Structures are given as structure tokens and as C-alpha cells.
Amino acid sequence: MMQNNPFPYSNTEKRYHTLNYHLREHFGHKVFKVALDGGFDCPNRDGTVAHGGCTFCSAAGSGDFAGNRTDDLITQFHDIKNRMHEKWKDGKYIAYFQAFTNTHAPVEVLREKFESVLALDDVVGISIATRPDCLPDDVVDYLAELNERTYLWVELGLQTVHERTALLINRAHDFNCYVEGVNKLRKHGIRVCSHIINGLPLEDRDMMMETAKAVADLDVQGIKIHLLHLLKGTPMVKQYEKGKLEFLSQDDYVQLVCDQLEIIPPEMIVHRITGDGPIELMIGPMWSVNKWEVLGAINKELENRGSYQGKFFQRLEEESAL
């Protein structure tokens, strides 16, 4: 804990439980995530469960900053690692399978892809982004095996707890499916990171707070809080043109994220609290490209409030006793 910072899971001015802090505590040194494109598709695009994909999702399957899909995984990894090494000379790496749905393949395909990068020098773990409806038993069994011998996260896209919004964004699974996916993974002790998005069409502050509260009540170990950013070429552009989407202001976003941080468990690891997209594809909100300004504003607001992650968190058993 840093002097004048009451939050226990921090050794800087940050008043929330950053992934960087967690990884340093776990491994004892700096660890970087290397975002890869494993060449997968998505069941919400290829017709397995639906067509068209989530309306906010880019042509890169939300992997706009991942490696080049046309390169093999080893080439992708080394290209990104070498760029990172120019700035940070020391550190280890987590292979992050980010683009599309990274369990949407037979187990033997998953094994070939995941094991190839885990065998690389300085790779200490793997993070796998997927959908809760893409966790058949044999895949979960393989993930459980991975979890026994390496550092593993499975990242699941919830986005919102509200079924009306889920239909509007064509998520193509319901909240119960999400809960079942979490439970399948947690049965094997696998770390789960929930993704939520602030600023989805027709959602107000209370709805976004309800999504954060739902995540707080789940047995998940991490959360990514994204800002919705609208990209050219996505289906959501049509919703925007029809007036179904208004961008959050920077101040509203900062206030909202601080409110959300206050109600999630202090031990929950915050993998992200903002987001941006490729500048050449961005329609808005354009303030989001100033990521460091947004991060600074969030921490400043928490400081001004005398607050921190988990200040108002109540566990379900505590609530039921009230």
C-alpha cells in the first residue's frame, strides 16, 4: 500500500486492483500480454448460433490490436515481443488469444495452437478470450488441464446483463448461459475475467450499474470495463444513424466507472477500465483516444471522493443479513 492511498491492493497511486499489480505480486516481475490472432471464427458470425456477430464487433473480431492474422502464431508473438522489448528490456509474457472466439474449434486444434506458444521462452501463461456458449465439456476439460500446469485466464464477454440490450446488439446468448459458463470454469478453479461495456445503445447509468453489480456477485476473479467505441463498418453504425446510440461524455464515463469500481470486490482484478479503437476506424467518442488522460481522471476522481475499489461492496450473504 502506498502512503495516502487506503487501497490495499496497490503500491502506486492507483485506487483499484490493476492487472499489473497482480502480475507483479504473482510472478515477482513485470509481465506483458501479447495479443494474438489464432485464426478462429465466431459462432455468432458463421451460423453456428447466429449470423452477423455482435453489432459493435469489428471485422477483426475485437482483435484490432492483435497480431497479423496472415502470420503464424510464432511470427505474431515474436513481432510483438520485439516491439515491446525496444521499450521494456526485461519481463515475461502471457500469450493472449484475443481475436474472435478462441475455443471455437475441436480440442486437438486448440491444443496445437495453445501449446505452440506456451513452449516459447519467457511465456509464463495464457489468456483465452471466448464466449460462454463455446465451452463444451471436452474443451473445459482441456482448459482444466492447462490450468494445472500454467497460469491461465479465460475471458468471457458478458457486455450487459440486460436481455433487451443483448438482443439489440445481437449477442446471441442470454445471462443464464453466461452464469453456466462461469460455473463450468470455476468448477475447475480456472480464473475468469468478465468483459462489460459502458455506453451500449439505450442503456442508462442505472442499467450499467446493474451489470457491474451482477459481475460483482458472480464467482469471477477479474473484470474488463470497456467504453463502447463505434467503429466504421460495424453493424452498430446503422443503430447510431437511427438515433439509438448516444456517446457518453468523458466526465459521465469517469463518474460511472468510479461508481462501478466502488461496488465490486476489492480483490477482483481490474484488467481494463477504458478502451479505444484504431484511430482510422473511430467514429466516436473521440475523447477516448486520450487513454492516459481518462485513466488519470478516474484515479483523480477516486482520490477526490476519498474512495477506492470495493468501498461499497457487499457480499450476497451480507446483503441477505440486512
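Glycine residues also receive a Cβ, built from the backbone N, Cα and C atoms like all the rest.
Over in Swiss-Prot, the protein carries these features:
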- Cys42, Cys54, Cys57: [4Fe-4S] cluster binding site (BINDING)
- 26-267: domain 'Radical SAM core' (DOMAIN)
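Averaged across the domain 'Radical SAM core' (26-267), pLDDT in this predicted model comes to 92. The local packing around Cys54 ([4Fe-4S] cluster binding site), expressed as other Cβ atoms within 10 Å of its Cβ over all shown chains, amounts to 24. In sequence order, Cys42, Thr234 are the residues near Cys57 ([4Fe-4S] cluster binding site), counting only same-chain partners six or more apart with C-beta under 8 A. When Cβ atoms from all protein chains are considered, those within 10 Å of Cys42 ([4Fe-4S] cluster binding site) total 23, not counting its own.
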